[in-house]
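Novice: This structure is in structure tokens; I'll ask about it shortly.
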Amino acid sequence: MSGASSSEQNNNSYETKTPNLRMSEKKCSWASYMTNSPTLIVMIGLPARGKTYVSKKLTRYLNWIGVPTKVFNLGVYRREAVKSYKSYDFFRHDNEEAMKIRKQCALVALEDVKAYLTEENGQIAVFDATNTTRERRDMILNFAEQNSFKVFFVESVCDDPDVIAANILEVKVSSPDYPERNRENVMEDFLKRIECYKVTYRPLDPDNYDKDLSFIKVINVGQRFLVNRVQDYIQSKIVYYLMNIHVQPRTIYLCRHGESEFNLLGKIGGDSGLSVRGKQFAQALRKFLEEQEITDLKVWTSQLKRTIQTAESLGVPYEQWKILNEIDAGVCEEMTYAEIEKRYPEEFALRDQEKYLYRYPGGESYQDLVQRLEPVIMELERQGNVLVISHQAVMRCLLAYFLDKGADELPYLRCPLHTIFKLTPVAYGCKVETIKLNVEAVNTHRDKPTNNFPKNQTPVRMRRNSFTPLSSSNTIRRPRNYSVGSRPLKPLSPLRAQDMQEGAD
């Protein structure tokens, strides 16, 4: 462990008693935001084409990588305006009264979009509606131009009757539009609703009318894509993400390595091997997988000894990913929490104050880890059945993506040793099963502290990382108050909680 040099201490007279662990850090080149102006993502497509599925999944991904994003589903606004849905007649293009109501709902939703992007620190809004007419899309473009929003269209095109029928039965039967209705009646009414939309549907025209717009067409659930005039970095990320996801049934298994020697000693980080109980877990994991009879299962590990030893016992091929390595604790590697608190009391307190943003001196933060793990998420979205054997912090980040957890919850998600999380993607989320393999292990979980700072203790300076925090419904924007080589500003007060949907329109 090395502290700051004497010259560094002399240059920082306000901190002469404690080594400055952070002066050697380089500034990160990432900007504070990933967008240079607010973006409105506009869904397009007939009902039962997966628009809400894409909207929710894309929003979950963007929030996870740190771009505050929110879905505005027009069906929710319509159901607020019209409390009882009677039949497909409401969606006929010659139903003038209904057309007025639907247009008014769209205008109200767009006003909420404006408030979110201009007043609530939002960066991306997803307008989840059919938007099948050129008139509607032109109205949205005019709205965006007036408010200086970028627009990116996502059109979902599907002509496979089996996919459409499956979507109706899986999602629409449970829609608020159809309380207490049987499947046959729902299918009949919804197919007639689709026919109503087909009368006025004008797909995006990349060769003429819409050639200057930015958009992606997703054809038959990802069989083909058409991309047109991508404007910026965030739009390219959206395109890349949409080209990697699929809807085929699969299961993702997440677990930590077996208990390690350092786990027994209470030490963090390092590269120790498995304990006796850790090896027992590896054998129990092998038996579990054999009983499951999982087809074409891929196994991924980190490059650390404890995950590799766990995978070796399975008797199957596995792939090692360096980016699955545990969070880098920097100068605190191979120390216990008690040792960290004694040797670096301010660092210990700072991490308790804001665990997601806190970066170990010479190491990583959870925020850094999310960025590092993005390729893993992309690859998981492309794959079928996968078992990921990783580490506590890594598993928390992966779980936060699949379970749509925010920055406040992520660092405190419970990921006990010798426990498997079975994740099964469903229509608008992810089903989770927790399976304990009945092999004892130490508890490595630390609960969130209730009081970060005693009243008689000087609050520790908050240190913001260089790019946007993982977004959540309680998005908090705090100014940077410490840069390398400059005197910190006055300490921040403890963070307080901020007060901060689906279907066809």
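Note that Cβ sites are derived from N, Cα and C of the backbone, with glycine treated the same way.
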Novice: Kindly point out which candidate in Arg78, Arg79, Arg183 is recorded by Swiss-Prot as part of the beta-D-fructose 6-phosphate site with Arg102, Thr130, Arg136, Lys172, Arg193, Tyr197.
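Specialist: For the beta-D-fructose 6-phosphate site that includes Arg102, Thr130, Arg136, Lys172, Arg193, Tyr197, Swiss-Prot also lists Arg78.
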Novice: Have a look at Ser84, Ser174, Ser466 and find the one that Swiss-Prot tags as phosphoserine.
Specialist: Ser466
Novice: Look through Thr16, Thr132, Thr450, Thr475 and state which residue has the annotation phosphothreonine in Swiss-Prot.
Specialist: Thr475
Novice: Taking only the Cα atoms, work out how far Arg49 (ATP binding site) lies from Arg78 (beta-D-fructose 6-phosphate binding site), in Å, as a whole number.
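Specialist: Arg49 (ATP binding site) to Arg78 (beta-D-fructose 6-phosphate binding site), Cα-Cα distance: 19 Å.
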Novice: Of the recorded positions Asn263, Ala393, Tyr428, which one has its Cα closest to the Cα of Arg78 (beta-D-fructose 6-phosphate binding site)?
Specialist: Tyr428
Novice: So among Arg102, Arg256, His257, His391, all listed as recorded positions, which is physically nearest to Glu170 (ATP binding site)? Use the C-alpha atoms.
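Specialist: The smallest Cα gap between Glu170 (ATP binding site) and any of the recorded positions is with Arg102.
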Novice: If you run the three-state DSSP split on Arg256 (site 'Transition state stabilizer'), which class comes out?
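Specialist: Its secondary structure by DSSP: strand.
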Novice: Output, ordered by sequence, the same-chain residues six or more apart from Arg136 (beta-D-fructose 6-phosphate binding site) with a CB under 8 Å from its CB, or 'none'.
Specialist: Ala106, Ala129
